[in-house]
Amino acid sequence: MSISVMPVPGALQPPLAPAPAFTPEVLEFPASASAAMAPVLELSGIGKRFQGIVALRDVGFSVRPGEVMALLGENGAGKSTLVKILTGIHRPDEGVIRLAGQAVSFATPQAAMQAGITAVHQETVMFEELTVAENICIGRQPLCGLPPRIDWRRMEEEARQLFARLEVDLPVQARVKDLSVAQRHFVEIARALSQRAQVVIMDEPTAALSQREIRELYRIIAQLRAAGTAVIFISHKFDEIFAVADRYTVLRDGRFIAAGALADISEPQLVALMVGREVGQVFPHHGQTPETAGAPVLEVENFSHPTEFHEVSFSLRRGEVIGFYGLVGAGRSELMQALFGLSPAAHGKVLIDGKPIHVNSPAEAIAHGIAYVPEDRQHQGALLSLPIFQNITLPILSGIGFFLRRHRRRELDIARRLSEQLELKATHFHQQVAQLSGGNQQKVVLAKWLATNPRVIILDEPTKGIDIGSKAAVHRFISELVQQGLAVILVSSELPEVLGMADRVVVMHQGTVQKVFSRAEATPELLVAAASGNLPSATGSDPINSDKETMSCH
Amino acid sequence: MSSITDTASAKAATNTATTAPRTSRYQISERGSFRAADLLRHWETLLGLLLIAVFCINCLLLPHFFDLTNLADSTFNFSEKALIALPMALLIICREIDISVSAIIALSSVTMGLANHYGVPAYGLFFVGIATGVACGLLNGLLVTRFALPSIVVTIGSMSLFRGLASVVLGDQAFTNYPELLSDWGQGYFFDVLPRPFAVLIVAAAVFALLLHGTTWGRRIYAIGNNPVAARFSGIAVDRYRLMLFVLTGAMAGLAACLLTGRIGSTRPNIALGWELEIITVVILGGVSIAGGAGTMGGVLLAILTLGMVTYGLALANIPGIIMTIVVGVLLLTTIAAPRLLRGKSSR
Amino acid sequence: ADKVRIAMVVKSLGNGFFDAAHEGAREAAKQLGDVDIIYTGPTTPTAEGQIEIVNSLISQKVDAIVISANDASALVPITKKAMQRGIKVLSFDSGIARAGRLMQLNPSNAELIGVKQIQMASDAIGGAGEIAILSATAQATNQNIWIGEMKKALTRPEFSKIRLIATVYGDDQSDKSYREAIGLLRSNPNLKAIIAPTTVGINAAGKAVVDEKLVGKVYVTGLGLPSEMAGHVKSGAVKSFAIWNPIDLGYAVTYAAYQFVKGKAQGKDGESISVGRMGSIKLDAEGEAALAPPFTYDAGNVDKFARIF
Amino acid sequence: MPLKPLLPQKMAPAGLLTRRREPLLAALIAVLILLVGWRAPSFLTTRSMDNLLTDSAVLIMLALTQMLVIVTRGVDLSVASNLALSGMMSALLAMHFPQLPVAVVIAAALCIGLALGLINGWLIGYLSLPPIVVTLGSMSVYRGLVFVLSGGAWVSSRNMPADFIAFPLARLGGLTHLVWLAALAVAVLWYAARHTRFGRDLYAIGNDPVAAGYVGIAAPQRLFWTYGLSGAMAGLCGYLWVARYAVAYTEIAYGFELTVIAACVIGGISIAGGVGNISGAVLGALFLAVINNALPMVQISPFWQSALTGLVILSAVIINARGEKKRHKQILPLHFQADTAHVARSAP
Ligand SMILES: Nc1ncnc2c1ncn2[C@@H]1O[C@H](COP(=O)(O)OP(=O)(O)OP(=O)(O)O)[C@@H](O)[C@H]1O
Ligand SMILES: Nc1ncnc2c1ncn2[C@@H]1O[C@H](COP(=O)(O)OP(=O)(O)OP(=O)(O)O)[C@@H](O)[C@H]1O
Ligand SMILES: [Mg+2]
Ligand SMILES: [Mg+2]
């Protein structure tokens, strides 16, 4: 069988983005003509506290029309809170917002929108059962007639025009629940742009986008900028920041730290501003070579699922990091979840230490030494209103003893050891996980899985939405795990992470493995091409799909 | 076998603790510092105070209230309902609900009547009653877990089905002539003072409290109620727990049916009509969150006693039952609304 | 001295029949002078609700309980306990089994009630045709007894041309009773009469006949209160219906309870108990006594009584 | 570069499946009617159909507003109690002021219902209390108030003015007022749900309450009025119920809330919120009405009715669940599936 994707000439060269591949190359944005203009949005002395916790204090900055301002800061620095204040979701406790020189205060999100401030929020703001057009216009659908009724035709037409303007092709009558994650993001972006806004805020808009889609986004930002709109761009990825933004503002612990032109500052300087200390190496490779790595721990052969992935084979050795790269929706998470026993429909051969195993539930997977740190921390990872120690010991409860009261000491010891290892920042172990900042919640989830003492640990997007300091910590931690002899599967949509951390890279596209690259082979261009299904030599290098006769079905 | 490996891994986890000593930048203490004011924020404390207040007011206003035999007798009024409230609390903590409990009582009572009719010995009747409850719970649980249906919908349907089946069997007849043993348990006393159903309740409540608050089993129930997906990802057999809780609820409803049948000595299809709402009310009053993941057995038990005292007081004052429903409704609304109102509108 | 406290426990509150009986009880109390009446009942007509109430009455150490039971046997244990604590328990209207009470006062005797209803139906339809029964719930004890008596009465030669074709249950809910009545009318085009021995039922059946424009073709009869039935008599759907006098019933049972409290009655077989203005009643071998036969109401007298109960 | 449209080929089967539910239900109703007609031909007459429509009117009206409530992830358990209370109050009003025009009485019933509903709406919308708890509480309170207001006495046809009783069944163009009112309610609510911002906001709230806040939907105010609407409809139906059966007493429509919810569930309205439409509610209500009207006609033992209703509800939700079953998102191109199937077959 041959893979049906034929290399289409020119497909690698999208018409609008001339370079085919990843590089943090700067697109040719029109030179900022805004330097001299008066600021469209000005904040001063903004403060906000939540039940005694100070999220922001005395923050001020300004943005000019046609300017892209990057808002930077660690997790929990207060960026999203600021966004919510600007969009009328939260009300500031103190401070002034000036829009085009006028002091404003927004009673409702609607008021902010009408005043010309719109945002793509960090959390998905989507109504699955409604159509694309309605998702864009919800709450302010065009009306007609008497009594006023929603003008569906006009609404859809406007949505269509909007997409045409953005040069994104989306069916406006489709229900959002049928869209992919990336498509949903574009719906959100379209919603923010559907009103001729003076200020558009994007809070980590690229977290779930692939490189190609990120370039789409860049293009849209360039359009906005050319039209004189002010853009506030929030991201933890420095390549993006340097690619799109003109100026930066840094927050730390809810305070304003610094602002300036990006042209005048280097990445390490920015990082230092954000974190307030040295971060060290972001991608510390564990230093083992393929030769020093041990025997295979996990072998997967012809692993298939009726709809999600097809004939996946790979093997993993002790002390090795294998990266899984692909576009969002490539089926990596489904594959990993199936390995973890979460998807009974999957079938194929899985061997641990050379012995075939059948994993039908997460409990069995844990028993075989497999751990899976899911990508969606909020929904799949943490149990937000349970105490920290209860989160950590959840998967190993039966190992502790049926009557937990009698073993409280032991439970807390395990929690303490792992938290110290991970440098968890918390006040006490009975604290609810919900009270921790995002990065620390992620650490609790990691601790939970380390508690099972796994031999293979699957990390699904472990640094998604994590700031640079914590990211470096997670990477350091991965290296340590490997040095202790664990085998790591690192699923990531971030090229630098995959390239920096992995010994080998498996690239998936539409549920199939396109190619397995060694660390030496892997280049950004090749990975992106493979992930898009455009690998020039795809037909040649197909060792995975050629051994059909060994397929085992059950 | 998974548990064995778990033990191993837990041990191993403790071992690595010693091999990889590390000092963190951060200090984490075991517990938050204790403040007396925090105690007042506990729902159980408030319920306890309410119970004391109700008790004192009743003692002052009602001449016949403070009389040990009377108080003991008053427990007959709520013991069976309370027995079902215990597993119902677990179900609600687990984000499920069972509306069909009172219908299960009816069906259990009917099968006991049938069994009695065909000469099953007295002890066998307990078995029959509880087994019927288990079967009903199993049906609910299977429908909920296999078809991924919301439990409120399933149990609305099965409520109609179970009570309907009871009426199919009974028609316009009634089962009576239950053996002595059954009525001993339904309305007898231990040592001539402690009503047996209440004693059963106390034992059951202790067991449930221990299970929920002291064991891995209870911990997992909280985990499921808190975040079912994350619980499943953590290796908990979520559906198995759900199924088990439905079965447990059915079994307790069966047990309640045994006591109730013993107490009133007859079975009609409309037995225990409308109890499900009283049971759910008491569970919610006990501080169990309808959104799941929170609540304690102590709270539920206190709510049972409080409500029992309130209704008993009202009955002694000869206030008609329907006025009592107003009182209970207002109590429910105020207890959930008061904290919200006192805290003021949540600030944005 | 302390007043005698007599509690009247009814099937459920909000029932006109029992409100009238309460009226009678108050009349007796007034006449006797040293009596306090406690009028109470559960929200829904269930035995469990009544048991709770009796429990609290025992705690209050009332002197006597007169009760119309939702379940003849379910109340026996609790009323036995009440009697052990020295409370006199009497049942009226819908009785408790022998072991659980001192005496039972039937409003009338069941056989008479059964025959009466068949008689009224027979009179309305000219002695021949199909009839149906619309009852309350399938569990209502006295309903079932009366239905049994009606079936027995139908075997008599004078009713040989009358055929009972269905018994349905409206659960004392207006919508269900109405739907059942419509169902009867629709599926039995030859139906001549509906007998409903319950007030909600007879009301709903009367309304159904009017709505179906079958007035004059189908007659409704049964047991109901004049105040609730007057409208249907006027519309013609109901020619006549029967009920005993609930005021007298309440009066007599209260009076009898007083006699028990004062030790002037023991509840022995054949004993004769004086019940004030009603004269005296005589207990039979089952400890039961009956008042007068049911009284028939029709267009001639219904308005007069509608003002009373 | 434009994004590749992924949808068209993928949408088709999924869309069909969701869109097929209502016609399926409609067909089921038709088959049911024919089956009953085959057993009891009188069921198929126009008069009988007319009666069926009249009889289902109240259920349809209540199901419509209940559907809106369920779409917002809520539930209104207090509708039946609200109906009883507003019905009783309108009857008392008509009894004491017989000269009042019917329109005024109807308006009064509507306003009373609205006020009762708005109390729920305030607690749920502005205090963000859980709907199931709030309406459970107000359900007992309202039912108790019926008793308090009426003193437990009936208001019977003798006490009601003739035009008060006549209105619901009076005819206009061959159909009863009840049917017209139901049709009007269907039209208005269809319009509201489909073509007004109010209606669309309810879907948005049901899909994701937090996100709804982010796009500026005033959820508290929307919920306030949604429960108000449900209450107003219950109020109107309270008058209609009382006038139609020409009697008002404390227990009218006891337990009817579960029938209303069952109608919605059968109509494919998801209890999890965000999904459901008017035609589903109407068909669900019709389906139950057909069953309720047919059972008395086909001479099925009355003792079987409740059990059959339960079976029907359970089968309906199971069938709905099949359609709803989390569709796999099908990211593989179709030929892979064909391949796998082929291999599977040829494997020994
Ligand atoms: N609704 C809320 N209630 C209580 N605390 C809150 C709330 N929203 C935010 N916070 C707290 O305010 C602080 C700032 O959070 P915010 O979400 O603005 O951070 P951020 O800079 O966007 O971080 P990230 O990069 O992780 O998105 C955090 O400490 C957070 O815990
Ligand atoms: N075509 C689609 N339709 C609907 N949902 C989709 C589609 N594609 C992806 N998704 C959603 O996006 C998420 C990510 O998809 P998936 O897990 O298959 O890809 P992945 O390669 O593992 O992505 P990630 O990079 O996020 O790990 C899934 O949870 C799924 O719900
Ligand atoms: Mg943020
Ligand atoms: Mg994924």
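Cβ coordinates are placed from backbone N, Cα and C, and glycine is handled just like the others.
Copied over from TrEMBL:
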- D:23-40: transmembrane segment (TRANSMEM)
- D:52-71: transmembrane segment (TRANSMEM)
- D:102-126: transmembrane segment (TRANSMEM)
- D:132-155: transmembrane segment (TRANSMEM)
- D:175-193: transmembrane segment (TRANSMEM)
- D:224-246: transmembrane segment (TRANSMEM)
- D:258-291: transmembrane segment (TRANSMEM)
- D:303-321: transmembrane segment (TRANSMEM)
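Here the transmembrane segment (D:224-246) does not lie next to the transmembrane segment (D:23-40) in space: the count of CB pairs under 8 Å, restricted to residues six or more apart, is fewer than 3. Take the transmembrane segment (D:132-155) and the stretches D:23-40, D:102-126, D:175-193: counting Cβ pairs under 8 Å, D:102-126 has the most.
Sequence-remote contacts of a segment are chain residues at least 6 beyond its ends whose Cβ falls under 8 Å from one of its Cβ atoms, and for the transmembrane segment (D:175-193) they are 50, 53-54, 56-58, 60-61, 64-65, 68, 71, 167-169, 199, 202-203, 233, 236, 240, 244, 277-278, 282. Tertiary proximity for the transmembrane segment (D:303-321) is limited to same-chain residues at least six positions away from its ends with a CB under 8 Å from its CB atoms, namely 21, 262, 265-266, 268, 284, 287-288, 291-292, 295. Beyond the ends of the transmembrane segment (D:23-40), by six or more residues, the same chain brings 266-268, 280, 283-284, 286-287, 290-291, 294, 297-299 to within a C-beta distance below 8 angstroms of the stretch.
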